[in-house]
C-alpha cells in the first residue's frame with residue numbers, strides 16, 4: 001500500500017510520538033484483562049489482537065487474562081440450565097463448573113489464541129490448572145440481614161486466587177510467546193474454581209510485578225460527581241471517592257482490584273474503555289489514554 005506525502009507525514013508523526021513510550025516500556029510486562037464489548041464485536045476483537053501483537057513486536061511483554069461470562073450464559077441457556085447470581089457472582093455447582101471450564105478454557109481461550117496468531121503473534125492458551133498456574137481456594141461470602149444476623153453464602157465452585165506460578169509465565173515470555181490465561185483456578189485437591197477475571201488479572205500482575213495492569217471495560221472510566229471521566233487517581237484519592245460515594249455499585253470491585261494490584265507493587269493500573277478501537281495502544285503510547293489511571297506516583301505514570 002502506497003501513501004501520499006500527507007499520509008506519510010501523518011504516519012511519521014504518529015511513530016515519532018510513540019517512540020518515547022516504546023523505549024520506556026521496552027522489556028516491561030503489561031497484563032491486560034480482556035472482556036466486555038471488545039470480546040463480542042468482530043472489529044474490536046481484531047483491533048485487540050493486532051494491538052497485542054504490536055506490543056510484543058516493539059519489545060513489550062503482554063500477558064492476556066480473559067473473561068467470558070456472556071459466552072457461558074449462552075451455552076447454559078442452550079443446555080436448558082439455570083444459572084443464579086448473588087451480588088454479581090455466578091453460583092457454580094459441579095455441572096455448571098464443567099460448562100464454565102469448557103467455555104472459558106476451551107472455545108473462548110482458543111478463539112483468542114487463534115486470532116492473535118492470525119495477526120502474526122505467538123499466543124499460547126492456558127488455564128490456571130496448567131502447571132498449577134493459579135492456585136485457588138473456595139471464595140467465602142456472607143450476608144447480614146436487617147436484624148444484624150450474619151449467614152454464609154455458598155457460591156459453590158467460585159474461588160479466589162491464593163498464588164500464581166509466575167515461573168510458567170516467565171518461561172513463556174522468555175520463549176517469545178504471548179500467554180493467554182483463562183480465569184480458572186485449582187486447589188490442592190484438584191478441584192476447579194471459577195474466578196472473576198478482573199481478580200485473576202490483578203493477581204497475575206501482582207505476582208509478576210508488572211509495569212501496568214489494564215482492565216478493559218464497557219465504561220469510559222471512573223466518573224466524578226459531575227459525570228466527567230477522572231483521568232488519574234492515587235490510592236488515597238480512590239479511598240476517598242469510595243467513602244464519599246462517588247465510586248459505588250459495580251465499579252467498586254473493579255476499582256478495588258486495580259487498587260490492590262497497585263498496593264501490591266504493580267506500577268500502575270488503568271481502567272480502559274474497551275469499546276474504543278486500539279484502546280490498548282492509545283493507553284500505552286499516548287498521553288491522553290482512554291480511561292482512568294491509578295498509581296502511587298501519578299506524576300511519573302502520566303508523564
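Glycine residues also receive a Cβ, built from the backbone N, Cα and C atoms like all the rest.
As recorded in Swiss-Prot, the features of this protein are as follows:
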BINDING   68, 69, 90, 194  substrate binding site
SITE      33  site 'Transition state stabilizer'
SITE      254  site 'Transition state stabilizer'
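Sequence features, as recorded in Swiss-Prot, placed on the structure.
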residue : record                             : Cβ contacts under 8 Å, 6 or more apart
33      : site 'Transition state stabilizer' : 65, 66, 67, 197, 198, 200, 201, 213, 214, 215, 216
68      : substrate binding site             : 35, 39, 103, 104, 108, 182, 197
69      : substrate binding site             : 35, 90
194     : substrate binding site             : 90, 92, 97, 100, 104, 157, 158, 159, 183, 184
254     : site 'Transition state stabilizer' : 198, 215, 217, 271
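The residues near the substrate site, meaning same-chain residues not in 68, 69, 90, 194 whose C-beta sits within 8 angstroms of the mean position of the site's C-beta atoms, are 67, 72, 73, 92, 100, 103, 104, 183, 197, in sequence order. For the binding site of substrate, formed by 68, 69, 90, 194 according to the record, the largest Cα to Cα distance is 12 Å, rounded to a whole number. Cβ neighbour count for residue 90 (substrate binding site): 21 (other Cβ atoms within 10 Å of its Cβ, all protein chains included).
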